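First up is the structure itself, then whatever we jot down about it.
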Amino acid sequence: MKIKLANPRGFCAGVDRAIEIVNRALDVFGAPIYVRHEVVHNRFVVEGLRTRGAVFVDELDEVPDGALVIFSAHGVSQEVRQEADARGLKVFDATCPLVTKVHMEVMRYSRDGRECILIGHAGHPEVEGTMGQYDSANGGAIYLVEDEEDVGRLIVNDPGNLAYVTQTTLSVDDTARVIDALRQTFPEIKGPRKDDICYATQNRQDAVKELAATCDVVLVVGSVNSSNSNRLRELAERMQTPAYLIDGAHEIQPDWFAGAASVGVTAGASAPEVLVQQVVQRLRELGGEAPAEIAGREENIVFSMPKELRIPAVNQS
């Protein structure tokens, strides 16, 4: 059985930065460090940080006075920021800069009194944070839609003064259909100059399409609460290729590969490469050949760290 590895796969720049912020905060300030929500949606990563002394909480009222808190990569609402400020908490913001870009768009629409539609999944932390950037005091409102059916049911106050933004980890194809529905329903709607779906989401979806087209089975390494990982599994399944979302090699079932000549492996943007390599090792134990990397789009984006957590340059003499 051939093993093919998607490229790119796994960690994106925003996830790398968020995890590094927690690790460096632990190095500099010591445990405990409080993190609002899972810093990224991956069980292996979260458990590793918890072992080092990170304490994951749902809300700020679980954070003691005077403690240090980190906001997750998914971002937080203005209300959460204001609560942290009011309590005098020391904050490091691990919000992905590409999520922050969407936040800035929403705040601009809010200031201008333009109504805004967010395309996203209800209940996802990124969606809650983005919705929470909109201040309706200027007379506008923000609405959430997930699919074309939601668009058909949507009633807005001012169709002539309307814009849309999107969650960064959506299915590219699904989102395009929702945007088409929005444009048909609200012909004057404005959109971002550049798509809000992030480069890593796009690249990983392109790569899994290639896997699904050439493999009999696809494995997606990622946790069940990871939006972008779920989209990868769904995309492979839509191409009529059996696909499984797994947290690690221990979840692999040998009967998935009955009659399969090839298996493709990819990983969501919050899944570390060590898990991919463990999956490959398990597949080889089940008779898989040495893995082959599929050519893909190179990624070299790096996001900067907060100043207090940057490693000082070594003096050259």
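Numbers run from 1 along the shown chain.
Placement of Cβ uses the backbone N, Cα and C atoms for every residue, glycine included.
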Of the candidates Ser171, Ser270, Ser304, which one does Swiss-Prot list alongside His41, His74, His124, Ser226, Ser227, Asn228 as binding dimethylallyl diphosphate? Ser270
Write down the Cα-Cα distance for Thr168 ((2E)-4-hydroxy-3-methylbut-2-enyl diphosphate binding site) and His124 (dimethylallyl diphosphate binding site), rounded and given in Å. 11
Using the CB centroid of His41, His74, His124, Ser226, Ser227, Asn228, Ser270 as the dimethylallyl diphosphate site centre, which other residues of the same chain sit with their CB within 8 A? Val40, Pro125, Glu126, Thr169, Asn225, Ser229, Gly268, Ala269
DSSP says Thr168 ((2E)-4-hydroxy-3-methylbut-2-enyl diphosphate binding site), in three-state terms, is coil
Want to know which binding-site residues, from Cys12, Cys96, Cys198, are within 10 Å of Ser227 (dimethylallyl diphosphate binding site) at Cα; which are they? none
Show me the subset of His74, Glu126, Thr168, Ser270 whose Cα is within 10 Å of Cys198 ([4Fe-4S] cluster binding site); these are the recorded positions I mean. Thr168
Restricting to the same chain and to sequence separations of six or more, state which residues have a Cβ under 8 Å from that of Cys96 ([4Fe-4S] cluster binding site). Gly14, Val15, Arg17, Ala18, Ala73, His74, Gly75, Thr168, Cys198, Phe303
